């Protein structure tokens, strides 16, 4: 029995970036031998075991072949005579198809085992497929795009890009299940430069298949005085990248991505203005979230930002009454943390424009001050005072908040 560390750990070691976790492959063993040594079986489709001390995953070396469409359509074969090279050959990219032997004490030993020149592609900063078996799994398109958002100086090899385009043309991408699309897109949004993910998906044609609402934004004109970058798709990518640079949470980054969807459906005779795009954005966003089964926290924040970002940008012109209406409409008094995230997304929107990257955004502070004042009003006291006339509680509470905000912003 020989144990090897494989894949991302070897790649990251060569790149000089922190190794988050390791994947292990065991060559020359049977499931019974693994159990006899104290490993606990956990794999459903193929034998994966948890180490008795570290609880890290160890998989028996295996091969696979395509049996049906989509990323579920695989049959796996494992046996003690499956070699390390055969196991590495089934992997997606050369940079993920390297290994090093593991000593009994857990330390790596010996040279990098690299049958597909992954080290050369790490040095050249290239994503290159291992073999034409790459064509068999459409998830690999999403993975390459996600890797592009993490390793921003890498490019896709022309021959690999050609295979990705073929997979799109053959309809393989259409077989992807919603949960897997969201899993990869959400992980890509959390990488260093999410725009690279969408750039790669556009290059191979996959973006139009899995996120047509985003793909449709590219080439849509905006007013150059507000948006020197002009192209709506370019603007949205700048917004998402700004949110990533600030380290914002996933729901903020998704809201940044989806805030301007309605600009793609602006009537041509209205361009480059986009009057009413906020409502159209919400109309497109809700079915998108349903289709991809986007988590509720991401969906709810994205809908709020899509609907209100134009109003939030204009709060410097608003008086106390309008500010309170905005806060109440946004449920900010009950959910201040969510509203704080909405302000992050709106600030990213304002700064995600050519030449505006470092521009101040006083709107956020004005709304923070207003929210503190509005939340300071004792709703219970108002309700108690109007116990005999409960129909008037809502309006009275609103007026109290307006007075409190008026004092706070004056």
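Quick reminder: no glycine exception, Cβ is built from N, Cα and C everywhere.
For reference, Swiss-Prot has these:
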- 8, 11, 91, 143, 146: CTP binding site (BINDING)
- 8, 11, 91, 143, 146: ATP binding site (BINDING)
- 21, 23: Mg(2+) binding site (BINDING)
- 232-333: domain 'HD' (DOMAIN)
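Distribution of Swiss-Prot features across the structure.
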residue	record	Cβ contacts under 8 Å, 6 or more apart
8	CTP binding site	19, 20, 23, 96
11	CTP binding site	95, 96, 98, 118, 122
21	Mg(2+) binding site	9, 56
91	CTP binding site	6, 7, 97, 130
143	CTP binding site	92, 184
146	CTP binding site	184, 187, 188, 191, 197
Maximum Cα-Cα separation (Å), residues 8, 11, 91, 143, 146 listed as binding ATP: 16
DSSP-derived structure type at residue 143 (CTP binding site), helix or strand or else coil: helix
Predicted model, mean pLDDT over the domain 'HD' (232-333): 96
Cβ-based neighbourhood (8 Å from the centroid) of the CTP site, residues 8, 11, 91, 143, 146 excluded: 7, 92, 93, 95, 96, 147
Secondary structure content, the domain 'HD' (232-333) (per DSSP, counts of residues): 78 helix, 0 strand, 24 coil
Where residue 23 (Mg(2+) binding site) falls in three-state DSSP terms: strand
